[in-house]
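Visitor: Below you'll find the structure I mean.
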Amino acid sequence: MALPRCTWPNYVWRAVMACLVHRGLGAPLTLCMLGCLLQAGHVLSQKLDDVDPLVATNFGKIRGIKKELNNEILGPVIQFLGVPYAAPPTGERRFQPPEPPSPWSDIRNATQFAPVCPQNIIDGRLPEVMLPVWFTNNLDVVSSYVQDQSEDCLYLNIYVPTEDVKRISKECARKPGKKICRKGGPLTKKQTDDLGDNDGAEDEDIRDSGGPKPVMVYIHGGSYMEGTGNLYDGSVLASYGNVIVITVNYRLGVLGFLSTGDQAAKGNYGLLDLIQALRWTSENIGFFGGDPLRITVFGSGAGGSCVNLLTLSHYSEGNRWSNSTKGLFQRAIAQSGTALSSWAVSFQPAKYARMLATKVGCNVSDTVELVECLQKKPYKELVDQDIQPARYHIAFGPVIDGDVIPDDPQILMEQGEFLNYDIMLGVNQGEGLKFVENIVDSDDGISASDFDFAVSNFVDNLYGYPEGKDVLRETIKFMYTDWADRHNPETRRKTLLALFTDHQWVAPAVATADLHSNFGSPTYFYAFYHHCQTDQVPAWADAAHGDEVPYVLGIPMIGPTELFPCNFSKNDVMLSAVVMTYWTNFAKTGDPNQPVPQDTKFIHTKPNRFEEVAWTRYSQKDQLYLHIGLKPRVKEHYRANKVNLWLELVPHLHNLNDISQYTSTTTKVPSTDITFRPTRKNSVPVTSAFPTAKQDDPKQQPSPFSVDQRDYSTELSVTIAVGASLLFLNILAFAALYYKKDKRRHDVHRRCSPQRTTTNDLTHAQEEEIMSLQMKHTDLDHECESIHPHEVVLRTACPPDYTLAMRRSPDDVPLMTPNTITMIPNTIPGIQPLHTFNTFTGGQNNTLPHPHPHPHSHSTTRV
């Protein structure tokens, strides 16, 4: 018997069919259908009451609060704050996946924020280095949001718009006297005429007129260590974009990501919290007027990397309202963070778990007993411990557990695990501001010695290896030296900022976009070039890490707030409206250009430049991206030279180092107990000309480009590698020809053919080793395998997976038990192939200590 088709959304009919299947057809069909239709139709029957907003969810009724916004163009928003999406992860539930919340019978007031998840607070204030730039001079206000801490913290906040701003604006432009138009109205007479003349349907948001609204779930950043969704008010974005916005609290730090590397504590509880929040959203958002088939996750910094990781997890599949091709969400926006950065994944979880256990008196060999001991400790004792990770890495964060994250993120991306999601991602122009601020003592720029030290320390921590480190160090210095203005301290500061930005953010984002677009999946890339003018950040700073967040949330449209104390201009308001339109369009259709066009006539009488720009999809070939700033334009190949330095050249230099070990003088590795930093103010800068002092003058520091150091130059290494390879190929060819000729005359005259090698022929063995590093198997998967002479082609090096080396922790082999389930990359033993952004195999070989250590105890990267 076919069911009559009504005009209800598809997901309601899916709910009806699912109910029929679940209950079976044994009961009278009429009663079964009636019960199912009533259950599914209840989703549509609930219209929010502005006076008493009450919603009945699957777990009980909740009451929200209506909030007016400080802008005439923005309609009121109904807020539901502190809504539980999981049971409290306390007691035995600590270090366990979340469970659904218990239902409640009374009406629950959702008018106040719930407690935030436990996090480390130093003297009542969050560590400055971990926060976005606009928070650094307002820490007292920020810290007030995280004072109320509890392990019972798994709550979310829902912001529901009450009016369609775009529809109201057009209606008021046509008929200003209508009751729906508030006194004074948002539009001038000229603007009214402009909008009245444009009567086309292209300005109408057809898909959202009266139907379920798209949903945007925001994941906050904070290096997986601090922060809360309570900090981010989604009201303006919800009202202006006509979408439902949700912010989430999830477990952080030790409580959210501790892993013993086995079944005792698998880790990734914070990610599982986010998955549970998405599951709750998928099953309940219909009661708030939301569309469970149009859920977009977005986040900045570590929140962006969480977004990326969620697209790679099979736990994100299984939306009850959809078919098998739809998951808990359908689209993703990763702002200034992907799963390929050095700080995105912890590859040493068991080591840090042991360190924590030792500090709190739980240092037992059995991991089950260790976890039981940690479960009995007060949470404050755990989160306050000083666990120092390697620089540019994290101690407690997502791990490759073979389950939530089944493999290295780059491998999962190559396998197309995220191809079913539409993805938008991007970076800010000057993400690495905080790293540079820790080096700069004044506004005068960076001295040559500080520049040399910063680069050396960077290489030591991320690419340190015993031999040939100088090659990589000097190459990076060379590439990030502005040779037209190399003596200018301000120029050095600018290039150093670019170095940190390119390595930690830009190159991982481009690599992620390349991998996603390779499958033909919709990919959009942006570069954010604007920040508000304020005295709280240096005048020389570009758009820093997190500077896009207030524009995404629409803060400029309501003026300065205590969290965003900036004097926003009309340009800021216009740009925020543009960004919100792009973001919400993407949430609605997967295309940031549709369905709502760029129109900010309520701010400026003249059209903005974004009206003439079409944001083109990204592809690996063209690498088109949108320059978001006051002068927008679509450009191609963002920072291509520097990106390919990290993705292509650096891995080759790492492999060439293995070759140079056979051909250059071996330098003894400095003792791990000896660390130093150059202290002389008049040391010769790396960009200066050749020194005129005698080389035997101990007071004169030789230039890194001196003749006696040319053994370490890239050119010489390449020359030696290619020359040795060609020589050996010639030897092989000559030997094969001679052997063939000799074999013909074998019956007549036996002659001894030259031997390829002997057991004690060290020189020739070295040549064979060199050759093995220069040949490439002609297989499509580009992996270094066994090489046969008839299958080889000459090349400079065998490039490893360029992202696998990017995140490798610089410490020694992780502490893993025999029943380990955490999947450490299989290239750790022996010579490690280079991950583009992190390959150091021995963290204790750092030759230079950082002069400005980070104050936070768990993470050294502000994301």
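Think of each number as a place in line: the chain as shown, counted from 1.
Any Cβ shown, glycine's included, is placed from N, Cα and C.
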Visitor: Going by Swiss-Prot, point out which residue in N567, N845 is annotated as N-linked glycosylation site.
Guide: N567
Visitor: Tell me the Cβ contacts of C117 (disulfide bond) under 8 Å, same chain only and six or more apart in sequence, or just say none.
Guide: Q149, S150, E151, C153, L154, T228, N249, Y250, R251, L252, L255, G256
Visitor: Measuring Cα to Cα, how many Å separate C373 (disulfide bond) from C566 (disulfide bond)?
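Guide: About 47 Å separates the two Cα atoms.
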Visitor: I need the CA-to-CA distance for C566 (disulfide bond) versus C362 (disulfide bond), whole Å please.
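Guide: Each residue's Cα considered, C566 (disulfide bond) and C362 (disulfide bond) end up 47 Å apart.
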Visitor: If you draw a 10 Å sphere around the Cβ of C153 (disulfide bond), how many other Cβ atoms fall inside it, taking every protein chain shown into account?
Guide: 26
Visitor: Give the residue from the disulfide-bonded residues C362, C373, C532, C566 that has the most other Cβ atoms within 10 Å of its Cβ, counting over every protein chain displayed.
Guide: C532
